[in-house]
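Everything on this sheet refers to the single structure shown next.
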Amino acid sequence: MAEEGRAQGLSKSCVLLIVIAGMERFAFKGVASNLVTYLTDVVKMSNSSAAKTVNSWCGFTSIVPLLVAPLADSFWDRYSTILTSSFLYVLGLGAVASTALLWTYRPPSTTSSSAFLFWSLCLISLGQGAYNPSLQAFGADQLDHDDELPCTIDDKKTSKKKGLFFQWWYFGVCSGSLLGVILMSYIQDTLGWVLGFAIPMFAMVISVVFFTCGNRIYAHKPDRTMYNKHFPNMLRVIKMMASRLINGGIALPNDKSNMAELELEERPLCDQKVCINEVSDLNLESESNTHLIENAKIVLRLLPIWTMLLVFAVIFQQPATFFTKQGMTMKRNIGKNFMIPPATLQSAITLSIILLMPLYDKVFIPITKMVTRNEKGISVMQRMGVGMFLSVIAMIIAAVVETKRLEISRETGVQESETVPLSIFWLLPQYVLLGISDIFTVVGMQEFFYNEVPVRMRTMGFALYTSVFGVGSFLSALMISVIEAFTSSGGRQSWFSDDMREDRLDKLYCLLAIASALSLLFYAICCKCYKSRIELENGNRK
């Protein structure tokens with residue numbers, strides 16, 4: 001029944017692109033989820049260096065779309081962007097796999113090997129930076145193509161189709177991520193890193209083949225870059241303003257008709273076409289300056305909320321780094337022979353999202369409607385606040401479990417390479433809570449930044465959302481460096497000791513819980529003072 005509804009609601013091109021998006025997530029998570037183990041076990045990095053490397057790479061990967069997407073929108077169509085960026089993506093995955101193959105026969109040297117691995121990861125980031133936003137926009141183009149045909153299409157039906165597309169897109173992305181974390185973590189820990197990194201590369205190659213073969217069924221929208229080249233126009237304005245500053249200029253009135261008359265009076269013998277072009281340049285300069293000022297005001301208005309979300313982004317870097325390192329020291333066996341790869345527990349976050357997301361609309365919202373007497377149940381900002389509160393609880397639980405692990409380790413006197421007799425499933429609650437907080441805060445962030453910017457800045461809204469996690473990743477790496485410098489001074493043991501019996505991750509988690517609680521407090525104050533875009537527009541109309 002669900003399959004029939006899906007087939008009727010979405011075109012073949014949409015279904016194919018959703019499958020391709022899931023394959024891309026499988027490839028990315030297949031590398032990213034267990035990367036910290038690869039860096040410590042194969043590259044022989046310290047725990048703190050490996051965590052900083054993973055955090056910095058994740059931050060760079062999240063920031064790249066902000067830099068690449070405007071260029072792609074201005075100069076290339078989406079289909080060409082996807083093909084070109086997928087080539088960089090595959091090249092980066094192949095380079096990472098080649099390091100594992102090379103280091104199987106020859107141990108890595110400290111500087112050159114790490115540099116080659118870093119640049120390989122950067123290739124993946126560059127490829128993904130253009131690939132992901134372009135692929136999702138190309139998928140949405142398939143719906144827009146249908147909407148632009150007849151005018152008899154009902155608006156509610158169109159909205160329902162778009163909702164169905166994004167719902168299945170999210171499901172495809174989560175399914176690919178889940179499979180990448182579970183399957184590839186097991187293969188990497190049991191069958192080796194060469195095969196563990198080669199499979200994501202081949203999965204990405206197959207997805208590119210699928211994408212190319214589907215060219216006949218895609219709805220290719222007309223190239224609108226000639227009408228909407230914001231980036232070249234910005235460069236044109238900067239060049240024009242610099243030229244006028246160098247050569248000198250005259251003060252012009254604001255009125256466009258007066259502007260045109262003044263230009264013609266100054267140079268009455270000039271070619272009419274040239275004069276018209278210069279007048280249009282002046283108009284473009286004036287409009288661009290106005291838009292830049294308006295855009296800056298909108299971003300500044302959102303900046304306090306954006307800042308308060310950074311600690312939440314820092315917390316979300318822990319599952320792929322220190323949570324995984326904790327799991328490596330704990331009891332992981334099921335039965336006599338099967339060992340759970342520590343990175344597999346990251347799948348609990350994705351599973352929580354997939355299983356509990358439907359309950360949010362069907363159970364949580366109806367209950368909150370009855371309690372708050374509000375039509376929507378809770379607002380978007382309240383939704384984000386609930387997720388931030390859950391992240392505080394997750395960090396408190398993580399600190400308690402880590403304290404227990406250290407106590408058992410000292411009581412039993414286990415050696416550095418031995419396993420602490422504490423089940424890895426004690427880490428499960430903190431993973432599940434972060435998955436639930438994802439449903440509230442991350443989904444709420446997407447809706448908040450999308451709604452709080454005008455239509456012309458929807459790309460900026462997406463950029464603000466992704467940049468929270470990009471900057472949060474860099475902040476996490478900086479935090480590790482600062483804490484390591486302070487705690488290791490005077491010959492003391494660092495919180496991030498390579499000997500997991502001596503580390504103090506419990507203190508780190510307590511620090512993050514306190515920081516998250518404070519950010520939640522300031523977030524509540526910001527929400528109290530904040531006025532939404534709709535409230536401001538309604539106030540201006542009055």
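Any Cβ shown, glycine's included, is placed from N, Cα and C.
In TrEMBL, the annotation transmembrane segment applies to 338-360, one of the ranges 16-38, 338-360.
Under 8 Å from some Cβ of the transmembrane segment (508-525) lie the Cβ atoms of residues 305, 308-312, 314-315, 318, 322, 384-385, 388-389, 391-392, 395-396, 398-399, 402, 483, 495-496, all in the same chain and six or more residues away from its ends. Of the ranges 87-105, 298-317, 338-360, 422-442, the one with the most Cβ pairs under 8 Å to the transmembrane segment (193-213) is 87-105. With a threshold of 8 Å between CB atoms, the same-chain residues lying at least 6 positions outside the transmembrane segment (338-360) that come near it are 33-34, 37, 170-171, 174-175, 177-178, 181-182, 185-186, 188-190, 319-320, 323-328, 330, 332, 424, 427-428, 431-432, 434-436, 438-439. With respect to Cβ pairs under 8 Å, the transmembrane segment (298-317) is most closely packed against 380-401, considering the stretches 87-105, 168-187, 380-401.
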